[in-house]
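The disulfide bond annotation in Swiss-Prot covers Cys3-Cys24, Cys6-Cys11, Cys17-Cys40, Cys44-Cys54, Cys55-Cys60.
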Amino acid sequence: LTCLICPEKYCNKVHTCLNGENICFKRFNRILGKRYDLGCAATCPTVKTGIVQCCSTDKCNH
């Protein structure tokens, strides 16, 4: 699985996930402004504030 890993909304940097990391995620936090966290995870992350989107195909966290 390959996921995007940039902190910007429009990202072209990809990362090959490690064994056991089967999820790509995108986390957006409105409190901090336009901040995006993208990457790989074993499970979909949970957050107290903001929005998280998870998916399981290559580069799906755009």
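Glycine is treated like the rest: Cβ placed from N, Cα and C.
Spacing of Cys6 (disulfide bond) relative to Cys40 (disulfide bond) is 12 Å (Cα to Cα, whole number). For Cys40 (disulfide bond), the disulfide-bonded residues whose C-alpha atoms fall inside a 10 Å radius of its own C-alpha are Cys3, Cys24, out of Cys3, Cys11, Cys24, Cys60. Just so you know, of the disulfide-bonded residues Cys11, Cys24, Cys40, the Cβ with the fewest other Cβ atoms around it within 10 Å is the one at Cys11. Sequence-distant neighbours of Cys54 (disulfide bond) (same chain, 6+ apart, CB under 8 A from its CB) are Ile23, Cys24, Phe25, Ala41, Cys44, Pro45, Asn61. For Cys17 (disulfide bond), the nearest of the disulfide-bonded residues by C-alpha distance turns out to be Cys3; the candidates were Cys3, Cys55, Cys60.
The closest partner of Cys3 (disulfide bond) among the disulfide-bonded residues, by CA position, is Cys60; the full candidate set was Cys11, Cys55, Cys60. If you draw a 10 Å sphere around the CB of Cys44 (disulfide bond), it holds 14 other CB atoms from the protein chains shown.
The two recorded residues Cys55 (disulfide bond) and Cys11 (disulfide bond) have their Cα atoms spaced 16 Å from each other.
In this structure, Cys44 (disulfide bond) belongs to neither helix nor strand by DSSP; it is coil. Summary for the disulfide-bonded residues Cys3, Cys6, Cys17, Cys55, Cys60: the Cβ-based neighbour count within 10 Å is maximal at Cys3.
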